[in-house]
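Q: According to TrEMBL, the protein has these features:
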- ARG190, ALA191, GLY192, LYS193, THR308, SER520, ARG581: CoA binding site (BINDING)
- GLY384, GLU385, PRO386, ASP408, THR409, TRP410, TRP411, GLN412, THR413, ASP497, ARG512, ARG523: ATP binding site (BINDING)
- VAL534, HIS536, VAL539: Mg(2+) binding site (BINDING)
- 23-80: domain 'Acetyl-coenzyme A synthetase N-terminal' (DOMAIN)
- 82-464: domain 'AMP-dependent synthetase/ligase' (DOMAIN)
- 528-606: domain 'AMP-binding enzyme C-terminal' (DOMAIN)
- LYS606: N6-acetyllysine (MOD_RES)
Amino acid sequence: MHDKIYPVSDDWAKSAQIDEPTYRAMYQRSVEDPDGFWAEQAKRIDWITPFTKVKNTSFAPDNVSIKWFEDGALNVSANCVDRHLAKRAEQVAILWEGDNPTESRSITYRELSEQVNVFANVLKEMGAKKGDRITIYMPMIPETAFAMLACTRIGAVHSVVFGGFSPDSLAGRIEDCGSKLVITADEGLRAGKKIPLKANVDAALAKLGGDVKTLVVQRTFADIPMQNGRDVFYNDLAKTVSQHCEPEAMNAEDPLFILYTSGSTGKPKGVLHTTGGYLVYASLTHSKVFDYRDGDIYWCTADVGWVTGHSYIVYGPLSNGATTLMFEGVPSYPTNSRFWEVIDKHKVNIFYTAPTAIRALMQAGDEPVKKTSRASLRLLGSVGEPINPEAWEWYHRVVGDDRCPIVDTWWQTETGGILITPLPGAIAQKPGSATLPFFGVQPAIVDGEGKVLEGVAEGNLIITDSWPGQMRTVYGDHDRFVQTYFSTYKNAYFTGDGCRRDADGYYWITGRVDDVLNVSGHRMGTAEVESALVAHEHVSEAAVVGYPHDIKGQGIYAYVTLMAAVEPTDALRKELVAWVRMEIGPIASPDLIQFAPGLPKTRSGKIMRRILRKIAEGEFGNLGDTSTLADPAVVDDLVANRQNKR
Ligand code: WTA
């Protein structure tokens, strides 16, 4: 336990939107009178039809139902674009920094409005209408934000698929939500390398058949094959459509987007977020957690393919009329100074990144940071996985020059926005703790039996009441939603995370307690990697666990049993890694593969992952009870042949 405390400076307490007494009072009100609190907060959004009802939610296992502002109507793109035109038409909305340091673009709110209107009309021209699902498989370019906002303008539901996913993963996601249109780009560009996005879409569609069309934005202007009648260049159509598209009035509970995420079992789930509650929550959290002030340059380094990109590159900042920086590249290209150089180039005030990036850059030493100024920085943020205190301290001391508070924000794809975080002008920070709940969020810690633990405690983290940004269902499978999140503990949302609460009431997230891995801040189900491995002709069985990894947080350790008569060679190991990359995508590459003649199973055939985890972690002395195994001898072989951590 690390008990160093970083108090709020006087300057921050005075200048921030919310100081400690205000936080305490607002928090109290938010949980005692959620209707009153959220009715007031929802005024930050422009409603086409004002709501008369605020909260209507139930976590009861036989009736999980979540509705916020249910009789209100609004349009997200009108909130993120149109309403800013009167005051800030010439202010930069999206500041784009290319992969290549010589490339950048500034898009003002006026230009954003023009682009989104035209993009929306192009979507209509392609036959898209309200309620349709549209898949977006794009690189980190402004057109991706235009596409998302255009969907919201016409009431179509977007499903953004991270550009690093394979054709197979993409095909599964297109099929699951029944998209008839995929928006993509010719190629992406990262660290100087081209990513064949359109070719991946072609491969995905070849698996699906049917009548899916594509709309292709040109990023590199590569010469790519276009299928007549199916594929259309965005630029060709954009020239032909009207400049104005009236925003569709959407009910607060109409679907806004689907985002696929990994769980402990089965295929990725389509997390469904709706319109009103999500936008209110993304907007409010972005404003208060980052203490966003008019004119600030705000940079979140996530990819829009993840929820962090949705809420804190696009919807939160743009609904607040902010300048949001969008970065196409990676932290180490062309050099390890890139992040800090971008901060100096664009005078970034607020910087939000992931612990895995901080750890990687920390390994490169202080010099690449210290040669830059970073004088514009005021606030730092962290998201995606627990941040180890050493990385926190380095971020604070070296990147922030001991001057910038750090908001360690805990949340999930399912939560829509940040749930546990310090507010920078209100809450003293402790390195490694996400600290205290945001307004309206009621966390609790439970033991294995579901008993709520009071005071200092460690157990599983649940949330006992709804907040506006909460997911509403799993697309097309409400039973799975109820089963996954509301069946483990009665009348509560189960987060899947372990958590500790200290004597100051601070929350310390300890990581996933289910079979979900967090590799470089990316969620990965062990079941997904296993099913990719067993799809290989030489593999008979596979079990995947996580192990501590210095940079990635968790690495992927795969135990693989080969078919009879197949030789376990290094070449095959490499082939299997390449296979998983092809099946799922590079983020799922196993770090270590151990060939195992047998896996530890109970007599009823259940794999004992606890033992596999211990071996992967190198904790042989502590394997626990192995007497229930069908064949205890397999454990000796596993221990003897454990792969070394890289
Ligand atoms: C983990 C990302 C500790 C956690 C926004 C959660 C964190 C999962 C933090 C969700 C944090 C995210 N401290 N752990 N500040 N932020 N996590 O859906 O295990 O990609 O359940 O959402 O990341 O990952 P997801």
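Positions of Cβ are set from backbone N, Cα and C atoms, glycine also.
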Q: For a three-state summary based on DSSP, what are the helix, strand and coil counts in the domain 'Acetyl-coenzyme A synthetase N-terminal' (23-80)?
A: 26 helix, 15 strand, 17 coil
Q: Please work out the mean pLDDT for the residues of the domain 'Acetyl-coenzyme A synthetase N-terminal' (23-80).
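A: Computed over the domain 'Acetyl-coenzyme A synthetase N-terminal' (23-80), the mean pLDDT is 98 on the 0 to 100 scale.
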Q: Determine the binding-site residues, out of ARG190, SER520, ARG581, lying near ligand 1 in the sense that the CB is under 6 Å from one of its atoms, and give them in sequence order.
A: none
Q: For each of the binding-site residues (ALA191, VAL534, VAL539), count the other CB atoms lying within 10 A of its CB, then report the residue with the highest count.
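A: Top count of Cβ atoms within 10 Å goes to VAL539.
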Q: Report, as a single number, how many Cβ atoms besides its own are within 10 Å of the Cβ of GLY384 (ATP binding site).
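A: I get 22 for this one.
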Q: In the three-state scheme derived from DSSP, which category covers VAL539 (Mg(2+) binding site)?
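A: Reduced to three states, the DSSP call for VAL539 (Mg(2+) binding site) is strand.
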Q: If I take the Cα of ARG581 (CoA binding site) as reference, which of the binding-site residues PRO386, HIS536, VAL539 has the closest Cα?
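A: For ARG581 (CoA binding site), the spatially nearest of the binding-site residues is HIS536.
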Q: Measuring Cα to Cα, how many angstrom lie between LYS606 (N6-acetyllysine) and HIS536 (Mg(2+) binding site)?
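A: One finds 22 Å between the Cα atoms of these residues.
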Q: Of the binding-site residues ALA191, LYS193, HIS536, VAL539, which one sits closest to THR409 (ATP binding site) when you measure Cα to Cα?
A: ALA191
Q: By the DSSP assignment reduced to helix, strand and coil, which category contains THR308 (CoA binding site)?
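A: SS state of THR308 (CoA binding site) = helix.
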Q: Looking at the binding-site residues LYS193, THR308, VAL534, whose Cα is closest in space to that of ARG512 (ATP binding site)?
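A: Ranked by Cα distance from ARG512 (ATP binding site), first place goes to THR308.
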Q: Going by Cα-Cα distance, which of the binding-site residues (ALA191, LYS193, VAL534, HIS536, VAL539) sits nearest to GLY384 (ATP binding site)?
A: ALA191
Q: Would you mind reading off the Cα separation of PRO386 (ATP binding site) from LYS193 (CoA binding site), to the nearest angstrom?
A: 30
Q: Looking only at C-alpha atoms, tell me how far THR308 (CoA binding site) is from THR413 (ATP binding site), rounded to the nearest Å.
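A: Answer for this pair: 8 Å between alpha carbons.
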Q: Can you tell me how many other Cβ atoms are located within 10 Å of the Cβ belonging to ARG512 (ATP binding site)?
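A: ARG512 (ATP binding site) is surrounded by 18 other Cβ atoms within 10 Å.
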Q: Work out how many Å separate ARG190 (CoA binding site) and VAL534 (Mg(2+) binding site) at their Cα atoms, rounded off.
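A: Distance between the two Cα atoms comes out at 31 Å.
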Q: In whole Å, how far does the CA atom of SER520 (CoA binding site) lie from that of VAL534 (Mg(2+) binding site)?
A: 24
